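**Student:** Got a structure for you, written out below as structure tokens; questions coming shortly.
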Amino acid sequence: MARGERPLEGEDGPVLRFAADLRALREKAGRPAYRELSKRAHYSTGALSDAAGGRRLPSLAVTLAYVGACGGDTEAWERRWREVAAELDAESADPVGDDGEAPYVGLAPFGVEDADRFFGRERLVTELAARVADQRFVVVFGPSGSGKSSLLRAGLVSGAAGPVLLMTPGQRPLQECAARLACLVGGSAIALRAAMGADDDSLHLTALQALVSGQASSDLLVVVDQFEEVFTLCRDADERARFLAVLRAAAHAPNSRTRVVLGVRADFYAHCAHHPELVEAIRDGQFLVGPMTTDELRTAITRPAVEAGCRLETALVSRVIADATGRPGVLPLVSHALLETWKRRRGTTLTSTGYDAAGGITEAVARTAAAVHASLSPRQRQWSRQLFLRLVALGEGTEDTKRRVDRAELDLDADGALVLERLVRARLVTRDRDSVQITHEALIRCWPQLRHWLTEDRETLRVHRQLVEATATWESLDRDPGALYRGARLALARELADSAVTLTARERAFLDASLAAEAAERAAARRRTRRLRQLVAVLAVLLVLSTASTVYAIRADIAVSRQRNALLAQEVTKEAVALRATNPALAAQLGLAAYRLVPSRQARDGLISTLAVPLAGHTQVVSSVAFAPDRRHLATAGFEGSVWLWDIGEPVLATPVSSFAGNCDSIATVAFSPDGALLALGCRDHTVRLWNVADPQRPAEVATLVGHTDVVFSVVFAPDGRTLASGSYDRSVRLWDVADSARPAPLSALIGHTLNVKPVAFSPDGKTLASGGDDRTVRLWDTGDPARPVELAVLTGHDDFVSAVAFSPDGRTLASGSDDHTVRLWDVGDRRRPTSLTTLAAHSDIVGSVAFSPDGTTLATGGYDQTVRLWDLAERGRPTERATLTGHAGAINSTAFSPDGRTLATGSDDHIALLWETDGDRVEARACAVGRPAISPDEWERHLPGLDYQPPCP
């Protein structure tokens, strides 16, 4: 018999009445058990029963989940919840006002000036100071919200005995560094910036001179907080490289008097590992900021209040500790919740009632932001949305981060300035003389409205961010016409201007100048065409005079016609690719028309790119794609930790079958077993997870393989399905017996690589395994007996990390892709004596993936230059490039051919997977299948002026 619900107890009040009404709603729904409600609402039974317990106001998210599971009106209940929250705010209003300095800093990190109220990290401060005293280059890693900035500023810097250069990189890290250094040593920041751009030793020598001449006994301490801005905000790769080189030289010079400390968000570890200047520092000087212990948390909660002459209810302290324990990135949320609780204190006492009214750790930030936003007029709310979106840097394989914006970019009017002032007063946004930024990234994670804005049209946001950067570049080059948009980028920007996005006057000026330049170029092209036609007419007159002239004129007319058609086809192809996402039917017909007008390779590549089918579902980087052996299903995995299974029986109509959380924080790779029943996930939490996907609609986890001590970058099944290989950043390859998937067992570890292991691949017969690593080698292993693998050969030749390997279907050829931008083909017919066949200058950036077609005639390569390239392998030692495909807006991490070889799948940093048609005979038919309704005469004239109206699809 089911246990009855606990009676409501306590004083009658808004929370008790709210709980009673929730219970009444459940009764009206037939009193379903909380287990049943949990299945419907996707919240635990404890969270749902607590919501109707009457002890505290539940969060809005839990409330709406409860109401939805009971069939209630969620909009009406949201209004009701906000009324109760406002009533609690009024009840717990601070009778003594906000006089005096608050003991808590809220979302902002503790600064150097806040050292007297920075508690709970004393042990970590001591350990970090000792590490910095022992090593000249230290990298401090920690998740967002773990307190890195506070540790560096209020802990390390405030206690430093000597001079300190404290900075954040921003968009121009060398400029920032030079400006801070000039303040310390005197001199011209402009001259120092020029010196840093020319000489790696400039920071080292400047610091050494200043310290020696000033007879200082302590070294210069350079602290670069929020170092991830080097990757998120600095778009100039040369400046980024120069900055890293300057820092490294300053710390490692033989007579160095400089110590360097970087504060980096943990999810940017892999970005750092791509830079040799940082690899040594990460290996030898890594310092991890973990969560506080219970005692440290208690100290951080109570001591600031005590020092300010306040006290906390014992029950409040216990609740905050319980709410915070086990939650990553919680410290700024704790500080903000306590700040809001302090504003609602009774006398000098911070109470549980005030904590509830503030929303607790889970809701305080969202309530503060929502309250400010709701208090604005409709036009001011538009400004609020625009400001917040501009202050977020969209993640590329990482979480979204805050973005420091020059105030000039904001172009504020009176309403905009008022909104900014409100946000600053609420401590949601921080403003200094020149820039504005979100106070802490916790706001991005915790305010549902902002998350919704960021996800509702993410591609539009990316296009707008590119426009912002292009505008800044154009202005920095004195409005050089060469920096204006053209072609596909201009088409996207024109669509952006017609959307809900508000452009600033500067951005509008850039777009107007681009449109004017395009119009001028089109007019010039028309004039050239008219002149050519006039020339042809003159030549036609001369035809009458001479037979020779007649032949010449005909040829000239043909040449002019071909040239005009080629230019037009090129432009139409660009327009088709740009229209793919917004008008696929028109895009397909334009691509086909361009191809038929001039059947060139470029036009064919553009047509294939136009017909690529996007698979959208992931919210972060798509790290891996894999086809099931039945060819009907595809798996995609993302850094957000989810896997999507797709039905691609007809790629144009691809639909999701299911999606599930892989139960690890981030997934680097996926692979199907040969029978398609198992899916292996390689995770960044050092594990391999096995899922039963025999029924794709009901995937179920069956086992977790534990043994690696770092990120699992790659997994692959042997052809017989009994063995699984995994490659890891712990420098090892491990083989697992998965014959019984419910009870997998470790077989062996392959030790040979001296740095991170990345890709692994089995030969078609399963007797050989290839592995690639950051040590720039490819290694071949005899896995005939997987319990006793033997290294066969080491392949050298790449100049940078090996990021991808694949065997050809006949097992005689191995392809390897590298961060050195090349693909190498190896003859591995003799496994102990492999030889190099050729090197392809495949991409202009890192080669992220390689894949052979099932018939072995084609090699696909995916690059960080956002292109897919197809190579014809008719002559194994002399491959030729067959196609260059575009469509992704981010680095390409994974490529895979379908079992029949007619479809290629790719996964990218742009959060999208694409399906490409690789069967040339089917491309035109595919275009017409997509191209409905037929292109109109007006559309034809707009895109193909001067040509007779001939719809490409009957």
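Glycine residues also receive a Cβ, built from the backbone N, Cα and C atoms like all the rest.
Keep in mind that TrEMBL annotations are predicted by a computer and have not been checked by a curator.
Quick paste from TrEMBL:
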DOMAIN    103-481  domain 'Novel STAND NTPase 1'
REPEAT    615-648  repeat 'WD'
REPEAT    660-701  repeat 'WD'
REPEAT    705-738  repeat 'WD'
REPEAT    750-782  repeat 'WD'
REPEAT    795-836  repeat 'WD'
REPEAT    840-873  repeat 'WD'
REPEAT    885-926  repeat 'WD'
**Student:** Averaging the per-residue pLDDT over the repeat 'WD' (885-926), what integer do you get?
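**Tutor:** Per the prediction, mean pLDDT sits at 87 for the repeat 'WD' (885-926).
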**Student:** Would you mind splitting the repeat 'WD' (840-873) into helix, strand and coil residue counts from DSSP?
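**Tutor:** So the counts come to 0 helix, 19 strand, 15 coil.
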**Student:** Would the repeat 'WD' (705-738) count as touching the repeat 'WD' (615-648), if touching means at least three Cβ pairs under 8 Å and pairs must be 6 or more apart in sequence?
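**Tutor:** Contact between the repeat 'WD' (705-738) and the repeat 'WD' (615-648): absent.
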**Student:** Where among 615-648, 660-701, 750-782, 885-926 do we find the most Cβ pairs under 8 Å to the repeat 'WD' (795-836)?
**Tutor:** 750-782
**Student:** Are there residues at least 6 beyond the ends of the repeat 'WD' (660-701) whose Cβ is under 8 Å from a Cβ of it, and what are they?
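**Tutor:** Long-range Cβ neighbours of the repeat 'WD' (660-701): 267, 623-630, 633, 635-643, 645, 647, 708-717, 719-721, 724, 726, 728, 730, 736, 738, 741, 744, 894.
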**Student:** Is it possible to list how many residues within the repeat 'WD' (705-738) are helical, extended or coil according to DSSP?
**Tutor:** 0 helix, 20 strand, 14 coil
